[in-house]
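Undergrad: Here Swiss-Prot flags 15-18, 25-576 as disulfide bond, drawing on experimental evidence. Swiss-Prot lists 228-485 with the feature domain 'GP-PDE'. What Swiss-Prot records for 301, 336, 352, 374, 448 is N-linked glycosylation site. The topological domain 'Cytoplasmic' feature in Swiss-Prot is assigned to 1-42, 109-125, 182-192, 519-599. The topological domain 'Extracellular' feature in Swiss-Prot is assigned to 64-87, 147-160, 214-497. As annotated by Swiss-Prot, transmembrane segment applies to 43-63, 88-108, 126-146, 161-181, 193-213, 498-518, with the evidence given as sequence analysis.
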């Protein structure tokens, strides 16, 4: 019986197999190659890199607009006709796409690091293009439908830019190992210069980025102004259904500065609270009056409005994901809320709470179309609330309002020059936080005009506005913001400059050290680390990438070895690369008939 022994045994390379297998479905040794990556695959790598940065921006955008998720859902509700929480599915999908692209990019960079030829599998190419196209379409849709929300990105950078800069600096510094390794192995000086120039341009740009960073929270602690007052948006809509009596009771319990309410008149002249033009979103009108669900809310008599439930929708749709945290008693109370009269709300808040009133325009055929201002004023004055506590927002009949209630704070929702506002008798502005800059706030304050910004729900945004000097904000999450004792971060300018310069110096030292080490290590490998060669190693070695010059040297040494010594056997051949990867070969101990042949 003849016993056959293998000429060679290659130790398994599990990590390398997983790397090339996941990226290009090349799990076997013979499927891998250290040849140069084709131009087609380089194009796919460029697409992959571009997709990474695009999905990074989109993921950052969607994470930061968490402040406005409810507004986004309400906006889509008005366009689509039904309520659904679109924010979380979009966030989850965006996070999944970003994670997928990031993993592919890391695998591609690992291919470069170990000298493997990149060959992205066709399934990944489909997934990459699907993710890219979906992201582009979604971003374009948001830009067209809600371009105002992109201002949120620039505002958020005031809070995150100093930290994003350090993170980007760490990432680019870490890439120096890969760049330096490629630089050391390149044979053409032109290619080396192009690579180093491009890399250094990125590094220098990052070093200088702090010159463009402007954040109001980079300031001395003693210059920090008072904490902005908090106004509950439609009461406390995270703790109770919006514009209901329970919502305003919860707001008063929070001991906040004021509340905001949306007022409209019923068909028989009773002022009540409702934000939408119809009753579909916040009541069960489709069950009680199915034929009138799309009618304007002002076309219902008060006796009809009293029949509607205004709380079940809150528990069913859970717009702020807070319904599950309600106590048993609050849950039952919320389920039984009804449409709220203006007079009932005023009775709850009249003692120590300010009020911003917003009005809906009535249809022209409404019986009180021309007199609803008078009716509302009578209701407010009859409640006993102090006139100084009322911020009057509608531009309609301002002169009449001044005559009847001269102490009302005349408030405007329009961004105009301070001089024009003063001429109109405006003392307060109520604007969306994306509509004003830090300079606008300071100019208005210098002109003795108070500014209230809406809708501010996140502590980081509240902190930025606090550092800016905003006097008050309107919020859905008053119970959260009232517990913010201090801006999330506040840094003196000298301290920030010290962190900036120190980070740049550390990065520079690491980059220079990496380039020196990689060049020294590569020179040592070329001069003395190559001991013996085997043609099978040249063909099958997949752990490292060697230049054509290195492969030529190995082949020449093998040929001269056979000429000088004849056909010999070797006990063990081992080749280590400059990257630290070993492709070891073990031969049998019985060498009687073993021969190495060159084809």
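Glycine too: its Cβ is placed from the backbone N, Cα and C atoms.
Give me the structural setting of these features: burial, nearby parts and distances.
TA: The number of other CB atoms found within 10 A of the CB of residue 15 (disulfide bond), across every protein chain shown, is 12.
According to DSSP, residue 25 (disulfide bond) sits in a coil region rather than a helix or strand.
A C-beta separation below 8 Å, combined with a sequence spacing of at least six in one chain, links residue 301 (N-linked glycosylation site) to 266, 267, 268.
Within the same chain, residues at least six positions away from residue 336 (N-linked glycosylation site) with a Cβ under 8 Å of its Cβ are 309, 311.
Cβ neighbours of residue 352 (N-linked glycosylation site) (same chain, under 8 Å, six or more residues apart in sequence): 252.
The Cβ of residue 374 (N-linked glycosylation site) has 14 neighbouring Cβ atoms from other residues within 10 Å, across all protein chains displayed. Annotation note: residue 374 (N-linked glycosylation site) sits in a helical segment as assigned by DSSP.
Counting Cβ atoms from all protein chains shown, residue 448 (N-linked glycosylation site) has 9 others lying within 10 Å of its own Cβ.
Across the topological domain 'Extracellular' (64-87), the prediction's mean pLDDT works out to 88.
Sorting the topological domain 'Cytoplasmic' (109-125) by DSSP state (H, G, I as helix; E, B as strand; all else coil) yields 10 helix, 0 strand, 7 coil.
Within the chain, the topological domain 'Extracellular' (147-160) has long-range Cβ neighbours (under 8 A, six or more residues past its boundaries) at 60-61, 64-65, 67-68, 72, 213-217, 432-434, 460-461, 463-464, 488-489.
Within the chain carrying the transmembrane segment (43-63), a Cβ under 8 angstroms from the stretch's Cβ atoms is held by residues 37, 90-91, 94-95, 97-98, 101-102, 104-105, 108, 118, 120, 125, 128-129, 131-132, 135-136, 138-139, 150, 152-153, 156, all 6 or more beyond its ends.
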Undergrad: Between residue 18 (disulfide bond) and residue 448 (N-linked glycosylation site), find the distance joining the two CA atoms and give it rounded to the nearest Å.
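TA: Each residue's Cα considered, residue 18 (disulfide bond) and residue 448 (N-linked glycosylation site) end up 66 Å apart.
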Undergrad: Considering only Cβ pairs within less than 8 angstroms, which of the stretches 88-108, 126-146, 161-181, 193-213 has the most against the transmembrane segment (498-518)?
TA: 161-181
Undergrad: Any idea what the Cα distance is from residue 374 (N-linked glycosylation site) over to residue 15 (disulfide bond), rounded to a whole Å?
TA: 78
Undergrad: Taking just the CA atoms, what is the gap between residue 15 (disulfide bond) and residue 25 (disulfide bond) in Å?
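TA: That separation, Cα to Cα, works out to 14 Å.
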Undergrad: Other than its own, how many Cβ atoms are within 10 Å of the Cβ belonging to residue 25 (disulfide bond)?
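TA: I count 14 other Cβ atoms within 10 Å of it.
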Undergrad: Taking helix as H, G and I and strand as E and B in DSSP, count the residues of the topological domain 'Extracellular' (147-160) in helix, strand and coil.
TA: 14 helix, 0 strand, 0 coil
Undergrad: For the C-alpha pair, I'd like the distance in angstrom between residue 25 (disulfide bond) and residue 448 (N-linked glycosylation site), rounded off.
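TA: Cα-Cα, rounded: 68 Å.
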Undergrad: Under DSSP, the topological domain 'Cytoplasmic' (182-192) has how many residues in helix, strand and coil?
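TA: Counting residues by DSSP class gives 8 helix, 0 strand, 3 coil.
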